[in-house]
Every structure is written in structure tokens, then in C-alpha cells.
Amino acid sequence: HVRQLYALVSETLRYSSVLEKLLAGAALLRAEKKLPLPLAKVLVYDLLFGKGLKCGGRWKALARRHRARLEAELARLKVQQKVSRNEDLLAPVQAASPPACQVPRYVRVNTLKTCVDDAIDFFKRQGYSYLGKAASVEELRALSGKKFLLDLHLPELLVFPPETDFHDNLLYTSGHIILQDKASCLPAFLLSPAAGSHIIDACAAPGNKTSHLAAILKNKGQIFAFDVDTKRLATMNTMLMRAGVTGFQLAQQDFLTVDPRDPKYSKVTYILLDPSCSGSGMVNRVPREEAAPSAERLQALAGFQRKVLSHALSFPALQRLVYSTCSLHQEENEDVVQAVLQEWGSAFRLVNAFPSWPWRGLAAFSGAESCLRASPADTLTHGFFVAVLERHGEGTAAPSSLPAAAEDNPQHGEGTEPRAAPKKRKRKKQWVK
């Protein structure tokens, strides 16, 4: 129920002032003195406006006892404000302020189980109208209703209006699509590992990037995925199995404790590193009054990020690494990359990845424009930072080309007949180490 609860609390905050009026009119807090105001708002929203959760225990039962009074107060409030719909109660409160920047619903087609053409065909049969490939970010911004587009940058990404919910959709529950923000798709896309490669996903949970890597590999290779949290790894294992991922090993281990000289990792040529960060680029979370991270907090995070990035570069067979964060702060992004490149001298170089991507790294050092940035305002995504590093110098294998633009990549499923519905495939059992 985590996603349901997230949506419930978000909507409760949106209706906050309306709920306060209902609680006052129905005298619920006076009748139930031990019921705190925030919980009362959530319960009343769920009772009168929401879809209802299959949980709540005694608090839910308590709210139901007052249902008649609350419904009567809601009806009186509508009459008083001369509206017929619940949504119209929001107008006097929120009409003066513009809505917060909303990112679209991005849907990554899982090519381990289906192809883009078949996914498009499936959504069309569900009543969605396909508008073709987007030509600009503004086209994504204008999406509404049951319309969707193919993303203008990433060839396996479909774009729907904000808040489109697919959690109960057959394609999602069967693992044929992954609900993943566009910016979060960039690291695996830019790592661009060759089929058959050995890869490390250093901070892997919840696993969306891992499943993306497997799709790029076409399940031909080996992925070593690390995370220190047992529950997150168990959830990730379930998600990867549902997505049809094979050839992966999960380990409950701090990546910093992994020995680069272990023969097990002697063939690791690619590393995806998305370490813990301030999360300052994340949007669409439950709104909360939260101060910006202090300078001390940012320096502590940056110190950890420099350490883990340098550790990743010490794997002897490594040829390419992608470093990414969901942070907007230069301290965690350009400054970390600059410091580690200086530490390693000429052994590694920064690659000018995805030249057609117009939003580049901050001019913190010479070459920082080779990095990528994303933001809700510019790219209609979460805030993100991506840097691609490659080994440079004597004995270096020829690097494979990095993606230049989505239009250069052939569409999956071109020239194939659309299938009626995605079919499940048998999957090998994987073990969490």
C-alpha cells in the first residue's frame, strides 16, 4: 500500500483547508480528543474523497462512526460555496497561485518482454491516443487526457500526462513496462554496455536502473548489484524477476567494502554509480517544509561521493563509468567529478556524452560542459546530474560509442506485426546473496 499511501497523503495536503472546515463543522476533533489533526485530515479525505485503503485499523473505524456528520458537513459546504463537485471546493483556495511544476508520467518499455510498437498498440486498445514522437519538450508539457507520445530523446520511453496511474495496469503488473522518470533512465542509457559485458551497479536498489541495464544487455552478460539494506534488496529481487531479468547477482554489501582485485570482478568493464545524495532534485514527493541541506551536510555527502567514485575507478578492467545523482548541488556533482579526475590524473577522462542534450554541467571547471543536467523546468524531469568517465591511456580498449541522439537509434519492434497482448516468459530463479 506504499504508493496508495503516498497518493493519499499528497491529496490530503491539497485539500487541507477544505478538510479543516469539515472537521470544524462536524466537531470531530472535539468528539475524539485523542485524534491528532494531521491524522484526522488523512482519514477524512480517505473517507469522503479517496478510493479507500485496505488498512487503518481502529482509526479508520473511528472516522466511519462520524461519517454521517462529515457527509452532511460536506453537503452544507458545497451549498454554501455554490458548487456541485468536490474539486470545485479547491477553487477559492488555489486559483490565485499557479500549479507546481508537474513532470509527465514516463513509462519505459521493458524490451526484455515486449517492444515499443506492441506497447503502443496495447495502450491504443485501452483507449489512449498516440500522437507519435515528440519534437520538443513543449509537446510533452502540453499532454493532457488520454494522449501519449514517444519521447524525443530516449527511444524506449513513452510519455503520458502527469499523474496518469498505471500501477494496476496489466503491462505494469506483468513487468512489461517500468515506471521510471526520464532523468533516471539516462545513466544506463549513457553507460551503453555491450551485450555480454560484466557490470557493477554499485548502489542498486530499488532496481529500475539495474533492469534497464539488463534490457540494454538483452540479458546477455552479468550484473553485480550491491545495496546494504536487506529489505530493499528483497524488493529489488522481486522487481527484477517480474521484469524478466536474468544474469544478475544481488549482494547485501557496502560497495566500499568490495575488493576490486577479487577475481570475481576481473571482467567488470562497466560501472553504474548512483550514490546516496541530498535528493534535492526530486519532485512530486509528499510536500514538506524542509530546509535546504546545510553546508556541513553537503560536504559530508560530497566526501562520501568522492570516496565511492574513486573506489569504483580502481577496478582494474573498468573501461567506462557513469556517475549520477538526483541532486542539484554543484558540491555533489561537478565538484566531485573534478576532484576525482584530479586525483586519478590522466588515467580517466570525461566523455562528452549525448551531445544533442542541451542542458550541460555547470562551468565549474574546464570540460564540465561534457556532463549532463536535468531539471523540472528545463527537461520536465526530476533534477539530475550525469557524468560519463572512460579509461584513458596505454592499454585501453577502444571505447564503444556513446549515444548521440535518440533519432540515431532504431526503434525496437520496427517491421514486426503487433501482438494482441504481451506473453509471460519463464524465468530462471535468482538468489539474493
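A Cβ is built for glycine as well, from the same backbone N, Cα and C atoms used for every other residue.
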Which range of 60-87, 284-311 is coiled coil, per TrEMBL:
60-87
I want to check the contact list for A205 (S-adenosyl-L-methionine binding site): same chain, sequence separation of six or more, C-beta distance under 8 angstroms. What comes out?
D227, D229, R232, L233, T235, M236
Mind giving me a neighbour count for C326 (active site, nucleophile)? Other Cβ atoms within 10 Å of its Cβ, every protein chain shown.
22
Cβ atoms near G207 (S-adenosyl-L-methionine binding site) (within 10 Å, other residues, all chains):
26
Largest separation between Cα atoms (Å) of residues that the record links to S-adenosyl-L-methionine, namely C203, A204, A205, P206, G207, N208, K209, D227, D254, D274:
19
